Amino acid sequence: MIQQKSPSLLGGAMIIAGTAIGAGMLANPTSTAGVWFIGSILALIYTWFCMTTSGLMILEANLHYPTGSSFDTIVKDLLGKSWNTINGLSVAFVLYILTYAYITSGGGITQNLLNQAFSSAESAVDIGRTSGSLIFCLILAAFVWLSTKAVDRFTTVLIVGMVVAFFLSTTGLLSSVKTAVLFNTVAESEQTYLPYLLTALPVCLVSFGFHGNVPSLVKYYDRDGRRVMKSIFIGTGLALVIYILWQLAVQGNLPRTEFAPVIEKGGDVSALLEALHKYIEVEYLSVALNFFAYMAISTSFLGVTLGLFDYIADLFKFDDSLLGRTKTTLVTFLPPLLLSLQFPYGFVIAIGYAGLAATIWAAIVPALLAKASRQKFPQASYKVYGGNFMIGFVILFGILNIVAQIGANLGWFASFTG
């Protein structure tokens, strides 16, 4: 009998990194503008460690169940129906709010690109934000409506383009980083940047979301917990490095005070690119940066809405016929599209709310799963490092994120406006 070769660590790591890295990273420089570069690195490393650990806690619980068992199955068995309902609602909320966030920013960039493409020295074309959002949403929603295969093929093309555009834009930006901008002195009106650290956490959290992929990796590696663990560390580590490079590229070129118009527009990505454009001397870098942002938002939009589409189809029992897929498409896309037309500047705010809901299923629930699984299966072959202390540490991280998001909305904490 020919022994089947075990999948490489790189394959699993790419699944994790590919899931985590997306349009969420575009919000990080704006959400961390208050705490600035050093503080943003601390926030990202802290978030990376806690989110990686919580992912490993899902792995620990998952290994006690048959291959292919879903996240929902494990939560229902270990924590009961109530927690499973809360978990399911938080997942749906995150998917809807991210869809809204991507339509708002994707619409803004579509608007800018079309205006540039169809304007000339003699006449200027002014396509509105509403039209940009409608065009962006309708074209990409058509791929989701068609089939998963259509999404798969189009996403592959977008990812290749995104990687090329990312390296073209960031290498150029990194070469022009100014240390005076990156390590700027504290403004006279502020004694320290630390008060802004807490409110940056919920947006950073969204940048490390991969937890729904853990059951798939358990199946992929044939229940080899150590290999799954290593692939998670490599994948999230790669995401962390890319995020730090992105912070360096943006916050090393765009002065802290210049984030004011970006923050005023809710962290809108097109506003960030417009502000950054003033400090880019080479024209091709602006073009590459625009394409990178557009493709990052498009790939994230397709990935998130495909998951939401399947969730809606299962929830309402819509079949896979033409009529069934049309119903699912309307329920999936219409609410966030209408919201984006009503509130067109809410990208970072929406990402923050997504972080608030994601805290439940990506931090608190995994920690509770680890605790419950150790009580139910005391002889486990794989346990996450840190014992009960680490369970408490991850739950505290989740609570801090919830307090940060709610506190920021209620004005409890300092808010940076540029």
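Glycine is no exception: its Cβ is also placed from the backbone N, Cα and C atoms.
Annotated in Swiss-Prot:
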- 7-27: transmembrane segment (TRANSMEM)
- 32-52: transmembrane segment (TRANSMEM)
- 89-109: transmembrane segment (TRANSMEM)
- 131-151: transmembrane segment (TRANSMEM)
- 154-174: transmembrane segment (TRANSMEM)
- 194-214: transmembrane segment (TRANSMEM)
- 232-252: transmembrane segment (TRANSMEM)
- 289-309: transmembrane segment (TRANSMEM)
- 321-343: transmembrane segment (TRANSMEM)
- 345-365: transmembrane segment (TRANSMEM)
- 384-404: transmembrane segment (TRANSMEM)
Does the transmembrane segment (194-214) come close to the transmembrane segment (131-151), meaning at least 3 CB pairs under 8 Å for residues 6 or more apart?
no
Excluding the flanking five residues on each side, which residues at least 6 beyond the ends of the transmembrane segment (7-27) place their CB within less than 8 Å of a CB in that stretch?
101-102, 105, 159, 203, 206-210, 212-213, 216-217, 220-221, 227-228, 230-232, 234-236, 238-239, 242-243, 246, 267, 269, 272, 293, 296-297, 299-301, 303, 347-348, 351
Sequence gap of 6 or more, Cβ distance under 8 Å, 3 or more pairs: do the transmembrane segment (345-365) and the transmembrane segment (232-252) meet that?
no
Do any residues of this chain, six or more beyond the ends of the transmembrane segment (321-343), have a C-beta under 8 angstroms from a C-beta of it, and if so which?
96-97, 99-100, 103-104, 107, 130, 133-134, 137, 141, 144-145, 305, 308-309, 312-313
Contact between the transmembrane segment (89-109) and the transmembrane segment (384-404) is defined here as three or more C-beta pairs under 8 Å separated by at least 6 residues; is that satisfied?
no
Under 8 Å between C-beta atoms and at least six residues away from its ends: which parts of the chain pack against the transmembrane segment (154-174)?
18, 143, 245-246, 248-250, 252-253, 280, 282, 284-285, 288-289, 291-292, 295-296, 298-299, 302-303
Most Cβ pairs under 8 Å with the transmembrane segment (32-52), selected from 89-109, 194-214, 232-252, 289-309:
194-214
Can you find at least 3 Cβ pairs under 8 Å between the transmembrane segment (89-109) and the transmembrane segment (289-309), where each pair is 6 or more residues apart in sequence?
yes
